[in-house]
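Heads up: the structure comes next, in structure tokens.
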Amino acid sequence: MSGQRTFTMIKPDAVQKGYTGAILNQITEAGFRIVAMKQTQMTTEDAQTFYAIHKERPFFGELVDYMTGGPIVAAILEKDNAVEDFRALIGATNPEDAAEGTIRKKYAESISANAIHGSDSDDNAQIESSFHFSGREMF
Ligand code: RTP
Ligand code: MG
């Protein structure tokens, strides 16, 4: 069966520190196929829209500033059980709670600057993928 899909962003802190290659290597070694990928920078409006679900949270302003502070690498990934397996690969939101060997444990600075995003449901994977990519960018 062809795999289900999830959406990820390598966040500005990790891109800025040069972790893009190592993180992509860990992702492909874990069995994810790259369906689409690009380096881009989110505008304030992009980040406010992308994270609209968090707009009442106290960290929303900080989150938008962080996500717009430098380039990100956005990608669509394919694997059986993609959403759940990718969340396991990246680890807990707070790197202090993330399991040994997970991407956040290895590369995140803090609960705010936590190196990488992973969609939390199949529906959100679809919405987030369409936010960043057109059909002609997916292979
Ligand atoms: P993500 O959506 O980025 O994959 O992260 P997540 O599901 O593990 O965490 P979520 O609750 O969706 O939070 C989204 C992002 O907001 C920042 N955050 N900061 N300062 C804080 O207490 C706090 N809590 C969350 C993080 O960048 C988190 O990934
Ligand atoms: Mg989330």
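Glycine residues also receive a Cβ, built from the backbone N, Cα and C atoms like all the rest.
Annotations in TrEMBL come from automatic prediction, not curation.
The domain 'Nucleoside diphosphate kinase-like' annotation in TrEMBL covers 3-137.
DSSP assigns Phe59 (ATP binding site) to coil in the three-state reduction, placing it in neither a helix nor a strand. What TrEMBL records for Lys11, Phe59, Arg87, Thr93, Arg104, Asn114 is ATP binding site.
Summarising the environment of His117 (active site, pros-phosphohistidine intermediate), the number of other Cβ atoms within 10 Å of its Cβ, over all protein chains shown, is 20. What TrEMBL records for His117 is active site, pros-phosphohistidine intermediate.
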Taking the Cα atoms as reference points, how far is His117 (active site, pros-phosphohistidine intermediate) from Lys11 (ATP binding site) in Å?
7
Looking at the binding-site residues Lys11, Arg87, Arg104, which one has the fewest other Cβ atoms within 10 Å of its own Cβ?
Arg87
